[in-house]
Each structure stands twice: as structure tokens, then as C-alpha cells.
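> Dumping what Swiss-Prot says about this protein:
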type	residues	note
MOD_RES	Lys87	N6-acetyllysine
MOD_RES	Lys113	N6-acetyllysine
MOD_RES	Thr141	phosphothreonine
MOTIF	2-17	motif 'SIFI-degron'
TRANSIT	1-41	transit peptide
Amino acid sequence: MLGAALRRCAVAATAWAGPRGLLHSAPTPGPAAAIHSVRCYSHGSSETDEEFDARWVTXFNKPDIDAWELRKGINTLVTYDLVPEPKIIDAALRACRRLNDFASTVRILEAVKDKAGPHKEIYPYVIQELRPTLNELGISTPEELGLDKV
């Protein structure tokens, strides 16, 4: 599928080339103009929110997850343009606890606060939803540790 998309992009790119291989600022009308409308992006299936959440919860709930996989998962999750659901964060915090990685728990909570951005109501909601887990695992929030004042 990727090969076909790359071929379409190559065809679209050659449609702009003139007789000497130079790029022209405006295409000439004709059959090549139809090729121009091809967009070069993936047409793969999209993942529902429930599938996305289940995939991340399953990954963090792996009993044999190691520190590298945990950090890789956290880094990947942070790159998305979203604030993870509390159930995903819960699974990540439990994975941190299984690995005795307190620093990652603080990093996760700081990342959630950062991802919430100007929406001040999101972070308190997430902490409220995670409060039972935080108490059960003995995890302090960055605010409780005084890290928000640094």
C-alpha cells in the first residue's frame, strides 16, 4: 500500500516537470492536471477512541513490561495531540509501580498537566479520577512534592 502511495506521489511530482526537468509555477491544463489532485497520505483504517484506549491499557498492563518499553510507551503517548484518558494513565502508573520507577510516575503526571495546556479544568479532573490509584500506590502528585513551584 505504501508503494502505491509513493508511486502516485512520484506521478504527481513528474506532472509538474517541464521538458527540461525544471519545475513550473503553474501547470498547463490537460490530463496532467487530473493527476495533480492526488493527495499523498495514508488511507489506512482509523482507530476508534475505544480501540486506542484498549491498545494502550493492554500495553501498559503487560506483566513482563520492562523499563525501556515503559519509557518508550510514555514518550510515544506524549507525542500525540491529546490528553490520555485516566484509564490509560492508571495503567501506566501501575506499570511504573511494578518497576519501582517513581520518577516516571512524576513525569507522567507532569506530562498530563502540560498536555492539558490552557484548559485548566482537565488536569484536576484527571487527578480526581486517579486519586484512588495514587493513594493505593503511594504516588504523590508534582504539586504535593512542591515541583510546581520550581
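Just so it is clear, glycine is given a Cβ too, placed from its N, Cα and C backbone atoms.
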> Pop the mean pLDDT for the motif 'SIFI-degron' (2-17) in here, whole number is fine.
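Averaged over the motif 'SIFI-degron' (2-17), the predicted model reaches a pLDDT of 48.
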> Just to verify: the residue among Lys87, Lys113 with the fewest other Cβ atoms within 10 Å, which of the modified residues is it?
Lys87
> Who sits close to Thr141 (phosphothreonine): which same-chain residues at least 6 apart have their Cβ under 8 Å from its Cβ?
Leu109, Ile127, Leu134
> Lys87 (N6-acetyllysine) to Lys113 (N6-acetyllysine): how many Å between their Cα atoms?
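So the Cα of Lys113 (N6-acetyllysine) lies 16 Å away from that of Lys87 (N6-acetyllysine).
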> What does DSSP say about Thr141 (phosphothreonine): helix, strand or coil?
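DSSP call for Thr141 (phosphothreonine): coil, neither helix nor strand.
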